[in-house]
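Asks: What follows is a single structure, and I will ask about it in a moment.
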Amino acid sequence: MNAKNFAALGALTPLFYFVAAPASAAPSTISQKAFGTLKNGQKITLFTLTNSQGARAEIMNYGAIIRSLSVRDRAGKFGDVVLGFDTLDQYVKGDAYFGTVAGRYANRIAKGRFTLDGKTYKLATNNGPNHLHGGKVGFDRRVWRAMPFKTKSGPALELRLFSPAGEEGYPGNVHTRVIYTLDNTNQLRVDYRATTDAPTLFNPTQHSYFNLGGAGNGTILYHNLMLNANRYTPIDKTSIPLGNLPRVAGTPFDFRRSLPIGARINQNNQQLKNGAGYDHNFVLNGKNGVMKLAARVEEPVSGRVLTVSTTEPGLQLYTGNFLKDVKGKGGKIYPYRGGFALEAQKFPDSPNHPKFPTSVLRPGQSYRQTTIYAFSTR
């Protein structure tokens, strides 16, 4: 794929807010090293972005995966707060989507079917009867073209991918860019851009699992969570939305005030049973397309705080309900509910629910999304 294919997507650098680093701060750096070779001979590279404060993100060109993210705790000690693997082979064989960019369509589409402009399309089904995270070979299993660069706000990595018409059943040739910037205020900013030559669906997300106490350090049930959402999308037993948007008040889904994730996760509630815990989309307060607070998570022992902001209308809370003592980085074991994901997105199965925010991308339009993961301590 050459640069001409992406001409319509614009230049690299204007996507960022520039924040000057403190005068005493160390310079930010970008390094890279080999991370293995796929069976087809494609070489995978691991890029390390280090900001002026010493925070570090490791990102690979396979699946646009965030492999590690090291930030300080209350005492100033760095710790890796995302789940991941030591080897490429573990990522290839894994099915938990650790750190990936999921797409073309994150989350589920019922029975892998949708109708667009009067034509019905059949997608690959890879989650029981449904289509999940782009199908059997989604964005998470593709090799992206990587271009590291520096901005005034911090080190950055742009990843580009061409998805041909018919891939996993989707119409349209789609050109995608994902830009990670680790700024000098300890924000990891993720910008998504895409264009298509035919009407299609487009709804990517970042699927990192977080444990603010440190990856492999127990469960996340004691993390305190606040979600900026008055409503959510209930699901059936196959995790497809029912179509209604009830209020969270009086339910285990009310995180408008900070509560431990595990406070009500085991209640006798049909929705919790359907998701085997929390695996639900929350309807964020605020306008679609406008940056807004989505979530705030605090881990009381380390003092680490994660604040998520996004331009998307929805946020999927997933509490690692299907993790089963997975061997992760450094030989650490990731237990049941040992990580949580906060996935900014359009609503699940939106093409089959006309009242949900649209996920349709048309020729001449430019898909734009920004999600920011800001780290601090208290």
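Quick reminder: no glycine exception, Cβ is built from N, Cα and C everywhere.
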Asks: Name the one residue among D254, D279 that TrEMBL lists for the same beta-D-galactose site as N107, R108, H207, S208, Y209.
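Replies: As annotated by TrEMBL, N107, R108, H207, S208, Y209 share the beta-D-galactose site with D279, chosen from D254, D279.
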Asks: Check H207 (beta-D-galactose binding site) against DSSP and tell me helix, strand or coil, would you?
Replies: coil
Asks: Could you round the CA separation between R108 (beta-D-galactose binding site) and E343 (active site, proton acceptor) to a whole angstrom and send it over?
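Replies: So the Cα of E343 (active site, proton acceptor) lies 13 Å away from that of R108 (beta-D-galactose binding site).
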Asks: In three-state terms from DSSP, label N107 (beta-D-galactose binding site) for me.
Replies: coil
Asks: Hey, how far is E343 (active site, proton acceptor) from Y209 (beta-D-galactose binding site), Cα to Cα, in Å?
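Replies: Answer for this pair: 10 Å between alpha carbons.
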Asks: Within 10 Å of each Cβ, count the other Cβ atoms, then let me know which of the recorded positions R108, S208, D279, E343 comes out lowest.
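Replies: Candidates: the recorded positions R108, S208, D279, E343. Fewest Cβ atoms within 10 Å: D279.
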